[in-house]
Amino acid sequence: MATLLRSALRPLRPLGGRRGPAADVPLRGVRHGAGLLYPGHIPTSPLQKALLAAGSAGMSLYNPYRHDMVAVLGETTGHRALKGLRDQMRKDPEGAEILQERPRISLSTLDLDKLRSLPEGSLGQEYLRFLDVNRVSPDTRAPTRFVDDEELAYVIQRYREVHDMLHTLLGMPTNILGEIVVKWFEAVQTGLPMCILGALFGPIRLSAQSLQVLVSELIPWAVQNGRRAPCVLNLYYERRWEQPLLALREELGITEPPTVHVRGPA
Amino acid sequence: MATHRSCALWSCCGRRWSRVMRCCRLPGFRSSWPRGPLGARHLSQEKQATETHFGFETVSDKEKGGKGDIAFRFLNYVRAQHKRKQKKQLRAQQNVSWEEIAKKYHNEEDPLGGSRVVVCDINKEMLKIGKQKARAQGHKAGLAWVLGDAEELPFDDDKFDVYSIAFGIRNVTHIDQALQEAHRVLKPGGRFLCLEFSQVNNPLISRLYDLYSFQVIPVLGEVIAGDWKSYQYLVESIRQFPSQEEFKEMIEDAGFEKVTYESLTSGIVAIHSGFKL
């Protein structure tokens, strides 16, 4: 019993070297390089992960503008789903390439001028238009901190950066209604608990009218397309900027999206 | 007579007691109670009788029979109420709350009671917030706000009667220098007071405290403030701080005498005190 408790309190990554005064006291060395799997990594014990998951879930519900809390919820609860995603990526040739090369979508890596010069209707153009219309930037994604596997940390980072691509693919705006639709699609595709929770609890703050539209039209459409489409993480978006958006949608089996009015928080 | 008195004192069951009281007391009164004016004694007798009458079940008419009129009964009732109120106030006066005591000492025009206080911090933002808080609490005069480093205070020697620091000395790089500066600016007879996190002396509480500090506090920092690292640093710096005895020795090394400490909450925090003599 005592050993079980001890193991629940020790950070998951075993650390060599001197032990501190008690087994549940993390070592100083942990923060200073030893045991860090990637820059920004914060090793956490199972108890801390549980507390973080509970706290971030509550805080996300209480204040939906805390995007960092949604991210933390994803990181602390997504271990199994991330492993599944990683395996799916490994099996697909394009996905395996992504895992190998580890591309990142950020303003520094994007060539904005080139994207703007692309023909109308291409993925690159539509993506830029989406960023402009919704006034978002790909650099607002928080780095991964609480995932204790370096490859899985990249997978969740990639998932976050692909989220904006999904908005473009599904033609959904970034208001609450649009976000919920994308969450439903992602929940079906990735199985991440954070997506499932977001899909189920997000609609709590919606008006009755929006809820009606959501349940009757949007969710069935999202679920259908989510099941039909292959894993969206397997697309090397950085190489597909010139591809017309409609062609890409056809490739993935995504039907015409229903119109969601960009009217604000619904 | 003695037997009568004793039966009044020692009988206890309700009805019998009241009856006994009245039967025994009347003769007893005449000899044992000081002879006051007839009216007063008569009243006190009556009071006992009516109190028992009100407090316990009514006794039969035979014993009651014509004991005083309604005016007396009413007067006695009012007197009894007054006495009850007095007793209540007395009891309340004995259980004064801290708030009431503090209110008695509080002075609206001069909350500091004539003393002058200098608030010193190395961080300008902290001073600003402190100023706002003081103003909100009603302090208008008597406070000076100085930007300064605890290791090198911008004050002359022998200036202050009291130097107090709460949860600040842990963040000073060279604690011994801060203690020496404290010694320098205090007047002879001045007192040094320090409230700071310290070492827990009870092993069970220590384990629970460690558990809470390292497992829960950084999580709370992340969820509430979005800042894991600062709170991780906080709990680690608490562990690095010297124990009560060690800190006491450091204070003595700086020249303070009569150094004592008091641990609060099993040692989670401690108040150290020393005098410059």
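Cβ atoms are placed via backbone N, Cα and C, with glycine included.
Those TrEMBL annotations? Automatic predictions, nothing curated.
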Binding-site annotation, TrEMBL, S-adenosyl-L-methionine: partner of B:Asp149, B:Ala150 in B:Asp110, B:Asp121, B:Asp210: B:Asp121
S-adenosyl-L-methionine site, defined by B:Asp121, B:Asp149, B:Ala150: further same-chain residues with Cβ within 8 Å of the Cβ centre: B:Cys120, B:Ile122, B:Gly148, B:Glu151, B:Leu153, B:Gly168, B:Val172
Which listed residue (B:Asp121, B:Asp149) has most other Cβ within 10 Å, given these are binding-site residues: B:Asp121
Cβ packing number for B:Ala150 (S-adenosyl-L-methionine binding site), 10 Å threshold: 22
